[in-house]
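Worksheet: one structure, shown below.
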Amino acid sequence: MLLSNVAVNRTVVHTQLVSGSRSALHALSRTSHSVPVTHTHQRRHIFSHKRRLSSSTLAIPFALSNTNSATTAPLQFLSNVSLCRVTPGTITTSAKATAPNLDKMSAEAATTAAQASASPVEDSFLKKAVSCQSETEREAVMAARAAKKALRETKETWWAPYVALTKPRLTVLVVLSAMSSYALTPEAVSLTNLLFLTVGTALCSGSANAINMGREPAYDSMMTRTRGRPVVRGAVTPNQAFTFAGITGTVGTAALYFGVNPTVAILGASNIALYGGLYTTLKRKHIINTWVGAVVGAIPPLMGWAASGGSLLHPGAWCLAGLLYAWQFPHFNALSYSIRDEYKKAGYVMTAWKNPGLNARVGLRYALLMFPLCVGLSYYNVTDWWFVLDSSVLNAWMAWWAFKFWQQENVNIALAAAGKQYSQNPFARKLFWGSVVHLPGVLLLAMIHKKGQWDWLFGPSEDEKKKTLSS
């Protein structure tokens, strides 16, 4: 069905909508004039999640209603809302035709609503998408983007905010580090143990993250990176977040206790307390919070090692934990540097803005620590010696970016002391993405080079032969 000369009737601006997730409807046009569209386009349903804005395509939603329903609440027309697919050439022609009717739209209101409803990535994309448009076109695009976001959120399933409470990407990383450690132990692997370890670790991680979000909505709302979190936007209340955390934490700890062993359950429960309690509290008090957070990241490898029946006194277990602990600093210090002004505004005490020189120096120090830790894994027979060679490539890559980050930060500090202007450290972003690639790569190499992994193909090593003969 083709659309031609589509008219937009006045939509009522709502200050609060069901579940608090439709706030972006504020950005819809407040004018009662009609907006003619001079081109015909294929009708698209507004709730299509597959349709994305791109640099070559702009989507404009129009609320279709008859002339007798101008005063009806906008939610009544959700079933009639459509998307028109417009090319850059078309939007220019259309905007010129509609300029007289759009002059009453508040660009400031549209921008505010769009930013409030969009995620950090979407905020950045929106700015790029409209950077080359005229003021009138920017108003139309930003209003359209905000409305599209709000209407998509009305289709959000009831459980989606609770999944978001667990910080899925962070939880996946935590689970993978525990599973990697489990796979690297010299003990026999049990699929049942691995299943309970995976589920229990994921639930404990989700519980800790939910507590963290439930405690910080007022501060998270001040940061672009966190303003889209479910508690901030009202999808769930803090009490609901705490209830969810209690349930997942209890079930997760029980799964670890009965499905794995009590040692792993204690480690899982301690991680909830450290992250949801101590770390979250220290974030607004002292820079030592980063070191506490690194301890939280080092516990999952110990959980994986203990889950297989391995002794926590084994040096190899602590080398694995050390890898995760050391990795936190180049990773997080680079991340926090890029958004240090927002951390400061929100009241989070981070090294990135309290002491930028220390921030870069600590990142470099722990990046270099990766080399001896990887040697330790081979020395204590967790991996073969080829791992030292392979892992050195990734370690050197991350250490290089950490060095450049530290070097440039020293230059910036000197320029600031001399009263001269300096630019953002460009190596922070490179170090951050380098660390994202580094950790999975090192863990994968460790599993490939696990001691005795290839004995079936190449035969046992001389050390293994001596052990066999001596026994």
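Even glycines carry a Cβ here, placed using N, Cα and C.
Taken from Swiss-Prot, the feature transit peptide applies to 1-60, supported by sequence analysis.
Among the features that Swiss-Prot reports, transmembrane segment is placed at 188-208 (among others), with the record citing sequence analysis. A Cβ distance under 8 Å defines the sequence-distant neighbours of the transmembrane segment (188-208), meaning residues of its chain 6+ beyond its ends; these are 165-167, 170-171, 174-175, 178-179, 182, 244-246, 248-249, 251-256, 258-260, 264-265, 268-269, 271-272, 274-276, 296, 300, 303-304, 307-308.
The feature transmembrane segment is assigned by Swiss-Prot to 247-267 (among others), with sequence analysis given as support. Within its own chain, the transmembrane segment (247-267) has Cβ neighbours under 8 Å at 166, 192-193, 195-197, 199-204, 206-208, 210, 299, 302-303, 306-307, 309, 312, counting only residues six or more beyond its boundaries.
Summarising the annotation, Swiss-Prot assigns transmembrane segment to 287-307 (among others). With a threshold of 8 Å between CB atoms, the same-chain residues lying at least 6 positions outside the transmembrane segment (287-307) that come near it are 174-175, 177-185, 193-194, 197, 201, 205, 208, 256, 260-261, 263-264, 267-268, 270-271, 274-275, 278-279, 314, 316-317, 320-329, 332-333, 336, 349-351, 354-355.
Residues 177, 180-181, 184, 263, 290, 293-295, 297-302, 304-306, 362-367, 369-370, 373-374, 376-377, 380-382, 398, 401-402, 431-432, 434-436, 438-439, 442, 446 of the same chain lie 6+ residues outside the transmembrane segment (312-332) yet bring a C-beta within less than 8 angstroms of a C-beta in it. Summarising the annotation, Swiss-Prot assigns transmembrane segment to 312-332 (among others) and lists sequence analysis as the type of evidence.
Look at Swiss-Prot and you will find 368-388 (among others) tagged as transmembrane segment.
The annotation transmembrane segment is assigned in Swiss-Prot to 430-450 (among others).
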